[in-house]
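Engineer: The feature domain 'DNA-directed RNA polymerase subunit 2 hybrid-binding' is assigned by TrEMBL to 108-176, 187-246. According to TrEMBL, the domain 'RNA polymerase Rpb2' annotation covers 248-318.
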Amino acid sequence: MLAAGNSLALNQDIQEEQVVPAPSRIPDYCMGTGSSSKALMSSNMQRQAVPLSRSEKCIVGTGLERQAALDSGALALAERGGKIIYIDTDKILFSGNGDTLSIPLVMYQRSNKNTCYNSEDAVLISERLVVGPVIDVRWIQKRGGSSYNPETIRVYISQKREIKVGDKVAGRHGNKVNKQRIRGEPEYPGKSRIFDGRTGNPFEQPVIIGKPYILKLIHQVDDKIHGRSSGHYALVTQQPLRGRAKQGGQRVGEMEVWALEGFGVAHILQEMLTYKSDHIRARQKVLGTTIIGGTIPNPEDAPESFRLLVRELRSLALVS
C-alpha cells in the first residue's frame with residue numbers, strides 16, 4: 001500500500017474495506033481539510049448514538065451505506081421480485097411467481113447496550129397504576145407450602161425519549177455538546193442571514209444553508225440526574241464516595257474551586273471544601289440545620305483531610 005497525498009494506491013489483492021472499517025467510512029469526512037483526531041472522535045461517537053424511531057435516507061453518503069445495511073441483519077430481504085400483500089409487526093406476506101412467502105420480523109431485539117432497532121410508543125396504562133408504590137419485580141421465588149415451581153420471569157420494556165435539555169448531541173466531526181436550552185421555532189427558523197460576496201450587503205431574505213447531521217448520544221439526562229443529602233463516606237479521607245451508583249456526592253475539583261474563587265464566594269468555597277465534605281461533626285450539624293433551619297455553625301477544629309495530612313507527615317517523621 002502506497003500513500004500519496006490524500007489518496008491511497010492499493011494492491012490488487014487488498015480490498016479498500018480492509019484498510020478502513022465500515023464505521024469509519026460511513027460518516028461524511030473531509031480528511032483533506034480536517035484532522036485525524038476529528039475523524040477518530042466521530043467514529044467513536046457512532047457507538048454511542050441511540051437508534052431513531054423513523055430513519056431517513058442520508059443526503060450525503062459515502063457509498064457504503066447499502067452494504068452496511070445489508071450486513072447488519074436488521075433488514076428483511078426478499079429472494080425474488082413480487083408484491084407485498086400483508087404486513088404487521090410479526091410478519092410480511094410476499095407474493096411472487098404464484099407463491100406466497102411469509103417473512104418473519106424480529107421486533108424490539110435488545111442489543112448489548114440496552115438499545116433496540118425498533119421503538120414505538122405502544123404501552124397504554126391507567127393512572128391507578130402509578131399512584132401507589134411501584135415495586136420493581138425482577139424474579140419470583142417459591143414460598144413455603146406451594147407446589148408450583150415458577151421459572152424466572154424477566155421483562156424488557158422499550159422506552160421512547162424525546163430530546164430535552166441536558167442530553168448530549170454530537171456532529172460528524174467530533175463536535176459534541178450538551179443541550180443548554182431549546183428555543184422556539186420563531187427564534188430558530190432554520191435559515192441564516194447570507195451576505196453578497198460582490199457588494200457585501202445582506203440578501204433580502206434568510207437562506208437555508210444546509211441540513212446538518214446530528215447524533216443523539218446515549219448520555220441522556222434522565223439516566224444521569226442524581227441528588228444526595230447524606231450518604232456513604234470513604235474510610236480514609238472521610239469524603240463522599242464518587243459515582244452515582246454508590247450514591248456519591250458531587251466532587252469539587254480544581255476547576256470548580258477556580259470558578260468559585262473567580263466569583264469571590266469565600267464562604268461557599270469554605271463550606272464545599274470543609275463542612276459539607278470531610279468535617280465529621282460539622283457535616284451532621286449542617287445537615288440538621290438545612291432540614292430544620294437556622295444558621296450554619298462555624299466549627300473551630302480542622303477537617304479530616306488536614307488531620308490525615310498531619311498523620312502522614314508524622315509517619316514520615318517530618319513533624320512532631
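From the backbone N, Cα and C atoms, a Cβ is placed for every residue, glycine too.
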Engineer: Taking helix as H, G and I and strand as E and B in DSSP, count the residues of the domain 'RNA polymerase Rpb2' (248-318) in helix, strand and coil.
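Structural biologist: So the counts come to 45 helix, 0 strand, 26 coil.
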Engineer: Pull the DSSP breakdown for the domain 'DNA-directed RNA polymerase subunit 2 hybrid-binding' (187-246) and write it out as helix, strand, coil residue counts.
Structural biologist: 4 helix, 9 strand, 47 coil
Engineer: Per-residue pLDDT averaged over the domain 'RNA polymerase Rpb2' (248-318) comes to what?
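Structural biologist: Summing pLDDT over the domain 'RNA polymerase Rpb2' (248-318) and dividing by its length gives 86.
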